[in-house]
Each structure stands twice: as structure tokens, then as C-alpha cells.
């Protein structure tokens with residue numbers, strides 16, 4: 001098999017030879033480091049410092065050359081634009097062909113530049129992987145996170161080819177406009193897919209697809225799932241994952257269906273929970289406990305399902321389906337048994353069947369890297385769709401009849417429908433799911449020679465957590481202070497967290513602030529959704545169908561809002577700016593929701609609720625996107641991972657919110673709205689202050 005160094009030499013563009021990554025030199029350097037370390041002639045911290053500086057210089061050389069070439073292409077395109085404008089004023093078909101050829105020439109040079117970027121990106125990825133392998137480091141994760149997330153990152157130029165998109169767009173658009181030689185100029189914005197494609201445009205599109213296999217929207221949506229993956233996966237790794245037979249499309253689909261059904265199960269009772277509680281002799285506000293019981297059980301189920309998924313995926317999904325079937329059956333039978341206790345036990349069973357940790361883990365472990373982002377986005381989309389469909393389905397179940405002594409009405413039908421749905425899913429799961437072969441986790445061998453290397457991993461891990469503008473000297477000082485760590489500490493530095501407490505200790509101040517933000521937005525959303533039936537019935541006299549339509553419309557905003565933020569807003573503003581503005585808008589929505597003006601009107605409630613919900617959705621996406629980038633790599637695997645921490649934070653918020661509704665109910669329904677909104681406002685203000693303080697100290 002031809003090595004990458006030979007391939008780079010053979011395929012590189014000769015006139016640009018001096019601007020490629022010097023892979024051969026860096027490979028020799030890695031071998032030299034290895035020999036010197038074995039001989040004891042070099043300290044490991046000097047290796048890190050020297051290699052980092054050398055790679056930074058290589059990336060700077062590549063990035064500056066890319067900018068220079070982009071400038072040359074832009075100048076040529078500007079001159080061609082002038083000729084193009086002249087043709088529009090005085091059409092001359094004989095000149096159209098010449099202009100198209102000139103645009104094609106620019107396109108060919110653009111293809112050369114895209115190929116240049118691709119080869120260098122592969123080279124950087126491979127040399128980092130070789131460095132880790134030969135020297136026993138886990139340096140790649142540290143290097144990429146500290147460089148790629150920095151506001152002045154040159155690595156962004158290579159791996160996200162910043163700026164090239166505008167050149168690609170200019171060439172493609174103008175060639176499309178000149179597609180018709182009769183002078184009828186079409187725009188790619190008016191007709192995105194033309195029947196006749198220019199070969200150069202097709203080649204450019206294929207080259208861009210190789211560089212970025214996913215859109216910004218998919219990337220943004222995927223971060224909602226908080227499924228952390230390697231920053232720089234190699235093509236060989238991707239191919240290997242497909243070949244090992246772990247991935248199975250139907251199994252992935254079953255995981256996504258499980259996610260969808262669980263979210264439907266969560267929200268299908270919201271429009272009728274207050275009516276169901278009153279029919280069993282309880283107060284309407286007991287709906288908070290009924291809705292929250294599922295979240296209480298989920299606090300425990302998330303942990304044991306996460307641990308179970310270390311050994312199996314099929315068995316926990318089977319168990320989940322059976323428990324959810326029983327839970328919904330109990331929920332439906334509580335009406336005829338006239339027992340609020342059975343109702344609550346049914347909801348607890350539903351919470352004990354929450355297999356979201358398994359769904360997330362399956363995507364992380366078994367889906368190939370090249371489609372993992374799409375699968376993660378599918379996980380989030382399935383959740384959003386289930387959230388919207390749950391209340392909508394409840395609105396359709398407005399019938400009443402009896403079979404023998406069993407009552408079917410708007411209160412019990414959600415339980416019966418979901419019980420049948422889980423039974424059908426259980427049969428499908430048993431027939432179609434394929435258990436992937438579990439791969440044993442590699443335990444690194446600790447020797448005296450690798451001791452210092454592993455201690456350095458601790459320092460690197462801590463270096464990731466520091467503010468982005470920390471100096472190399474400060475990192476070096478921290479490394480020197482901690483080089484006397486024991487072998488036990490070395491093993492800990494490589495192992496995942498073994499408890500919730502250990503996982504919490506790995507969190508930096510900025511991560512804790514982001515978990516606080518996540519807690520706040522989940523609390524505010526749960527207050528809005530769970531008390532909606534009680535509030536709207538009291539103030540506006542809405543029926544169950546009206547509440548269901550309102551909640552359905554709120555749920556439908558999730559995907560369009562994320563599409564706008566992921567595709568447009570996130571490209572125009574920094575994540576921390578969107579984060580702060582979204583928090584302020586959530587606060588505005590909460591303030592507008594208070595009942596201080598008489599009478600309390602439908603427009604006020606609907607508009608304030610929409611502002612709060614949409615802002616919280618934007619905030620969730622940006623917050624989890626930031627969280628996935630700064631979370632410690634030790635929280636990307638094991639039972640107590642980053643996904644579990646975020647799930648627990650959100651679930652605790654929901655439990656407290658639902659408990660708040662029930663407690664506030666004792667003060668009377670006229671006080672319920674303001675009393676429940678007050679804690680939301682306090683937590684929101686605290687999160688805004690914490691965000692301002694944290695990010696001001698970092699930037």
C-alpha cells in the first residue's frame with residue numbers, strides 16, 4: 001500500500017510544492033522524538049512544545065497561501081463580473097462562449113485549490129494520529145480543540161475552508177447564468193437544480209462534498225444530541241467501522257422510533273392531565289405531579305440504562321418497551337379503578353422505561369463516522385417530532401365509549417393508544433433488531449517509560465479546560481508542577497468517570513454555567529407546557545382540543561427554528577453572542593407572561609409563550625453546541641458521560657418545575673401563573689449574570 005508521503009509527493013501540484021504540509025519532515029521528526037525519548041535525551045514537555053510550534057508553522061504556511069490564492073481568484077472573478085455586466089447591457093452571443101470558458105478556467109483553478117486543501121487536511125490528520133501512536137500521547141484532541149475553537153484560528157481555514165464558499169458560489173452562479181446561450185440568464189437562487197449541469201460545476205460540487213459531508217444545519221442539529229466524536233477521524237477509520245459489521249440500518253431506525261415514541265408518550269397526556277386528575281378526585285394542579293412522575297423515574301433510568309448499554313443494546317430496548325407497555329396500561333386503567341395512586345405508578349413505570357441513553361449510545365458506538373452527524377440530527381428531529389405529535393394526538397382522541405367495564409375517553413385513550421404502540425414496537429424490535437458485537441474497551445499499558453506521557457495527558461486535559469487565551473508558558477508551568485503524579489493518577493487520567501461525583505469534578509466553570517443554562521431553559525419550558533391546560537382553562541376557557549392545537553403549534557417551531565439558526569444565524573454571529581441574546585429573549589418572554597394587566601388576554605399568553613419557547617429552543621441548540629466542544633474527552637465515553645450529565649440536568653429541572661406547579665396550586669389557580677413564573681425569572685437572571693461573568697473572563 002502506497003504511504004501518504006509518497007501519495008502526497010505524486011499528487012501535489014508542482015508549482016505549489018513548497019506550500020504543502022512537509023509531511024516527510026514531520027514524520028522524521030516524530031521518529032526522532034521517539035528515539036530521543038527512549039534514550040532519555042529529551043523531556044516530553046519539550047517534545048509537545050516543539051511539535052506544536054512546528055505544526056502551527058505548517059498550518060500558517062498553508063492558510064496564508066490559501067488566502068493568497070483566494071485573493072487571486074476573487075480578482076479574476078471581479079474582472080469577469082465587469083465583462084458579464086457589459087454583456088447584460090449589450091448582449092453579444094459570440095462573447096458568451098468566451099466568457100463561459102474564462103469562468104471554467106477559474107473553476108479549474110478553484111478545483112486545484114480545493115484539492116490542495118483536501119491533501120493538506122489529510123496530512124494534518126495523519127501526522128497527528130502518527131504522533132499519538134508513536135509517542136503514546138492523546139495529543140490530537142487537545143491540539144484541535146485549542147486551535148479550532150480559538151477566535152483567530154488558522155486551522156479553521158484548512159478544516160472548514162473558510163472563505164472558499166464565496167468563490168465556489170460565484171463560479172457556480174455565473175456559469176448557471178450563462179447556461180443559456182441565447183441571452184436568457186437563469187439564477188441558481190431561482191432555479192437551484194438545472195437539468196443541464198456544467199461539468200466544472202459538478203466537479204466543484206463533488207470536491208466540496210468530499211471536504212464537508214454535512215451541512216451547517218446537520219452539524220447544528222447533531223450537537224443537540226450531545227454525542228461527542230473524534231474531531232479528526234481518518235478515512236481508514238470510517239471504512240473500518242463499516243466493515244466491522246456493527247452498523248445495521250434497521251437497528252438505527254428502531255432506536256430513532258424508540259426516541260420518537262417516548263417523546264410522544266411524554267407529551268400526549270399534557271392537554272388532559274388536569275382533567276384526569278379532577279376526575280379522580282384530586283385538584284387540577286396535581287397534573288404537575290402526574291406529568292413530573294415520569295421525569296422523576298427518568299433520573300434513575302438514565303443511569304442504569306447508560307450502564308446497561310455498556311454490555312447490550314437489544315436487551316435494554318426490550319425491557320424499555322415492556323415497562324412502557326405496562327406503564328401506559330396502568331395509566332389507562334386508573335380511571336376505572338378510581339385510583340390516583342395507580343395513575344402515578346403508571347407514569348413512574350413510563351419513566352423507568354426511558355431508553356434515551358441507549359438510543360444516544362447506539363449512535364455514538366455503532367454508527368459509522370461519516371453518517372454519525374446525520375444520525376445525531378435524526379435523533380434530535382425524532383424528539384422534536386414526538387414532542388409536537390404527542391399533544392396533537394391527544395387532541396384527536398376526543399371520543400367516549402365503553403367495552404364491558406373498561407372506559408375509553410379523552411383521559412384514558414392516550415394510555416391505551418401508547419400501550420398498543422409500544423406492543424407493536426416490541427414485536428418489530430424482536431424481529432428486526434440486530435445486536436452489534438460489543439468491542440472491549442482498550443486499557444492502556446502503563447510502564448515506567450510511558451508514565452510521564454500519561455501524566456502529560458492529565459496536563460493536556462486540564463489545558464483544554466483553560467480560557468482560550470492562556471499562554472504556552474502558563475501551560476508549561478502547570479505541567480512542571482504536576483509531573484510528580486503517581487501511576488494511579490496516570491490510570492485515572494485515561495479512564496472515563498466512574499461516578500456522577502467524579503464526572504462533576506471534571507466540569508470546568510464554563511461547562512457548569514452551560515449546564516445551569518440548560519437547567520434554566522428546561523425549567524422554563526416545562527412550566528410553560530405542563531401548566532398550559534390549567535392556565536388556559538382558567539383564563540380563557542379553552543377545551544382540550546384548543547390546548548392540543550396550541551402545544552402542537554409550539555412543537556412545530558422546533559425544526560424550522562433550528563434550520564434558521566443552524567444555516568444562517570450561526571454563520572453571522574458567534575455562539576456566545578447568540579447564547580446571551582437568547583437568554584435575554586427567554587427572560588423577556590417570562591416577563592411578558594406575568595399576569596399584571598387585567599384582563600389577561602389570549603394574545604398576551606400566546607405571544608409571550610411563543611417568544612419564551614422559540615428563544616429556549618435557540619438557546620438549547622447553541623448551548624449544547626458549545627457544551628459538546630468544551631466537555632472533557634473523559635466524558636465522551638463510559639456510563640457517566642456528557643450526554644448523561646446533560647440529561648440529568650434537564651430531567652431535574654423538569655421534576656422541580658412540575659413539583660412547583662403542584663405546590664403553587666395550593667395558593668389557588670388565580671395565583672398559579674405568577675407564582676410559577678417567578679422562579680423561572682430568578683433562574684434566568686442568574687444564568688444571564690453567570691454567562692456574562694464567565695465569558696468576559698475568557699475573552
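Positions of Cβ are set from backbone N, Cα and C atoms, glycine also.
As annotated in TrEMBL, transmembrane segment covers the listed stretch 547-566 rather than the other ranges in 487-506, 547-566.
Per TrEMBL, the range carrying the annotation transmembrane segment out of 413-431, 432-450, 451-469 is 413-431. Among the residue ranges 218-240, 379-401, the one that TrEMBL annotates as transmembrane segment is 379-401.
The stretch that TrEMBL tags with transmembrane segment, taken from the ranges 188-206, 340-358, 359-377, is 340-358.
TrEMBL tags one of the stretches 142-159, 160-177, 610-627 as transmembrane segment, and that stretch is 610-627. Averaged over the domain 'SPX' (2-145), the predicted model has a pLDDT of 80. Per DSSP, the secondary structure of the domain 'SPX' (2-145) breaks down as 127 helix, 0 strand, 17 coil. The stretches the transmembrane segment (675-696) and the transmembrane segment (515-541) are in mutual contact, each linked to the other by at least three Cβ pairs under 8 Å (pairs 6 or more apart in sequence).
Taking pairs at least six residues apart, the transmembrane segment (515-541) and the transmembrane segment (610-627) share three or more Cβ pairs below 8 Å and count as touching. Here the transmembrane segment (379-401) has long-range neighbours at 221-222, 224-225, 227, 255-257, 259-272, 359-360, 363, 407-410, 413-414, 417, 544-545, 547-552, 554-556, 558-559, 562, meaning same-chain residues at least 6 beyond its ends whose C-beta is under 8 angstroms from one of its own. A contact links the transmembrane segment (252-270) to the transmembrane segment (413-431), because at least 3 Cβ pairs that are 6 or more residues apart lie under 8 A. Non-local neighbours of the transmembrane segment (282-305) in the same chain are 265-266, 269-270, 273-276, 316, 320, 340, 343-344, 347-358, 500, 530-531, 533-534, 537, 639, 644, 647-648, 651-652, 654-655, 657-662, 664-666, 669, 672; each lies 6+ residues outside the stretch with a CB under 8 Å from one of its CB atoms.
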